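Participant: Here it is, the structure, as structure tokens.
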Amino acid sequence: MDISPILDGFGVVLEPTNLLYCLIGVIIGMLIGVLPGLGPGATIAILLPITYGIGPVSAIIMLAGIFYGAQYGGTITSVLLRLPGEASSVVTVFDGFALAKQGKAGTALGIAAIGSFIGGTVSIIGLTLVAPVVAGFALDFGPPEYAALGILGVLLISSIGNGNKLKAIIAACVGLLIATVGRDTFTGAERFTFGSLNLAEGIDFIPIAMGLFGLSEILYNLEERHNQVHAPAKVGNVWPSRKDLGQASGAIGRGSLIGFVLGVLPGGGAVLSSLAAYALEKRRAKQPERFGKGAVEGVAAPETANNAAATSSFIPLLTLGIPANATMALMFGALLIQGIQPGPQLVTEHPDVFWGVINSMYIGNILLLIMSIPMVGVFVRILRVRPAIMAPITVLITLLGAYTVRNQVYDIFLVIAFGVLGYLMKKFGFEPGPLVLAFVLGSMIESSARQGLLIFGGDPTGFVTRPISGTIFALILAVAAWPLIRKALPRKTSVERVEEKIK
Amino acid sequence: MTILVGYLPTPEGEAAVDAGLREGALRGERVIIVNSPRRGAPVDEHMIDDAAGAELLRRARAAGVDAELRQPLHDDDLPETFEALVKETGATLVVIGLRHRSLVGKFIMGSEAQRILMESTVPVLTVKAAQ
């Protein structure tokens, strides 16, 4: 393996501008991680237009910093106030808050910060080793393989994600439909444009992302009545004792691995891995009854896993050009804005972006570790800001940003329309994630499938007879049929679950 | 019959609690300590946690007063929350702390204490922070 591009990547990251953007990214990430309601997805969506003005490397470094920084920040409120700042920190609440009640809030935060750092770093090392290999392998992929991968991605995202599967599939289909709006790239025929010139250009990714993730989340949060106000929390000593560290070390190791593996899977990501890591620790523990009453492992495992997953979910994006979760779809969009097509060519064509982003995570993690331990009190202060002040400012920034991309008022209306759509989707239990992912993958699936058909001279069996695309299509069948197979199998898992409950 | 005491973790608030407890012991009445956080933000710096609340009640017991702590949320209008509490509990006296305000401060900002003084339907006892 040639390591000179990796070292060059460090050179890119250590440029003062990039260091600054990395710092800005992780600070914003920490802040929005602390704030309940506004997640990393929404923030990245809102900030997408800003990335126009800065170079591709700096832009992606900053957005990545927001993403993994939020995993650190989400812990703080989980532990101190029993208020998970992010979905991926929900399980941390059980033991984190119990520890805080025993006056060991500092220990919990310190363990979480150290676990996050180790999980993140292990995952980056994995990313450094695995990504070029996968990308090299994927260089053999042609259009048929990409079509197959895209379909598999949409299918996995709608079936693995949390929540109602049928609703996720419906959302994904709507996303695919929206992807077809506009002028056909092959024939020039207009589709679903209703004679409108604006629609003929197709619907851009940015208004969709800003509306569905940004505006809809703000609207949805405004509705909350805020009937719970907390007293300001006191944070004492943040350095965990040697004994606590020893107790947590196993959990940190296992959490890193779980997070790394689950982060790569489409639809997996930080939330799923934190749940899985917590469940594993509870099952392995000699005294499972300690969990929920302040077990250090119960904080270490999920916090390590969610950071590892946040990092490893970059692998499919940077190597195959397939976003693994909704936030990665936004990264995908950000790269496209910069004129960079994520995919296997990224390593060879834009080594500065590829290695710059990966290596910035080492730096970002160190920055976060430095910031999170002594500066917890500073970040908690943002919780005193009322949403009634925050929300209008965020909406204004969102709409202004939407306008500045192309200087068209039409884009503002698109953002509002998708904001309302996203709000209604959330009200009725639909996740906007699958829609956006399907939209991103939709145009890729369509163009690769049609290119494939051109290559095969119109014979669709070509998709199945090529070895790689054939294998992927077999996988697609397996994933699609999996719920039926599981129904047919004896239901051992649910019995086990009941037994666990009785215990 | 009860006495309502407005409390925030400030010197003025402490003075109000002291005066309220003395008055409660004198009259032999129940004291309700009100620590009302503002609705909206997840954290209000003037809200006290359980430990501080228990400490207040311990002080009341030491003074020989039957006391209770309430933490109702208020929106933009703290005086209304107070008035509703007066009606609900049948309080005969409200005790609040006053702080010194500068001329500019008086010119720009309103005062919740002043509004309680003017709008309360029961007598109001105001105290200043210990010098």
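Every residue, even glycine, has its Cβ placed from backbone N, Cα and C.
All annotation found in TrEMBL is predicted automatically rather than curated by experts.
Annotation source TrEMBL lists domain 'DUF112' at A:19-437. Here TrEMBL flags A:18-38, A:45-68, A:112-139, A:145-161, A:168-186, A:257-280, A:317-340, A:360-380, A:409-425, A:468-485 as transmembrane segment.
Walk me through the surroundings of each of these features.
Facilitator: Counting same-chain residues at least six beyond the ends of the transmembrane segment (A:18-38), those with a Cβ under 8 angstroms from any Cβ of the stretch are 12, 47, 54, 57-59, 61-77, 83-86, 217-218, 221, 224, 356, 360, 363-364, 367-368, 371-372, 379-380, 382-383, 387, 390, 394.
Remote same-chain partners of the transmembrane segment (A:112-139), defined as residues 6 or more beyond its termini with a Cβ less than 8 Å from a stretch Cβ, comprise 1, 6, 68, 71-72, 75, 79, 92, 96, 238, 240, 245, 248, 251-252, 255-257, 259-260, 263, 299-301, 303-312, 314-315, 318-320, 343-347, 354, 358, 361-362, 365-366, 368-369, 372-373.
Non-local neighbours of the transmembrane segment (A:168-186) in the same chain are 154, 157-159, 161, 192-193, 199-203, 208, 425, 430-440, 442-443, 445-447, 450; each lies 6+ residues outside the stretch with a CB under 8 Å from one of its CB atoms.
Nonlocal intrachain contacts for the transmembrane segment (A:317-340), taken as residues 6+ away from its ends with a CB within less than 8 angstroms of a stretch CB, comprise 40-41, 44-45, 48, 51-52, 55-56, 59-60, 63-64, 67, 131-132, 134-135, 138, 141, 146, 149-150, 153, 157, 205-206, 209, 213, 263-269, 346-347, 350, 353-354, 357-358, 432-433, 436-437, 440-441, 444.
Sequence-distant neighbours of the transmembrane segment (A:360-380) (same chain, 6+ residues past either end, Cβ-Cβ under 8 Å): 13-14, 18-19, 22-23, 25-27, 30-31, 34, 61, 64-65, 68-69, 72-73, 76-77, 80, 109-110, 113-114, 116-117, 120-121, 124, 127, 232-233, 235, 238-239, 307, 311.
Note on the transmembrane segment (A:409-425): residues 171, 198, 203-204, 206-208, 210-220, 398-399, 402-403, 431-432, 435 of its chain, located 6 or more positions outside it, place their CB under 8 angstroms from a CB of the stretch.
Residues 140-141, 144-145, 147-149, 151-152, 155-156, 159, 165 of the same chain lie 6+ residues outside the transmembrane segment (A:468-485) yet bring a C-beta within less than 8 angstroms of a C-beta in it.
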Participant: Near the transmembrane segment (A:145-161), which residues from the same chain, at least 6 beyond its ends, have a CB less than 8 A from one of its CBs?
Facilitator: 168-169, 171-172, 176, 265-268, 272, 320-323, 325, 431, 433-434, 437-438, 441-442, 444-445, 448-449, 452, 463, 466, 468-469, 472-473, 475-476, 479-480, 482-483
Participant: For the domain 'DUF112' (A:19-437), what's the mean pLDDT in this predicted model?
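Facilitator: Within the domain 'DUF112' (A:19-437), the model's average pLDDT equals 85.
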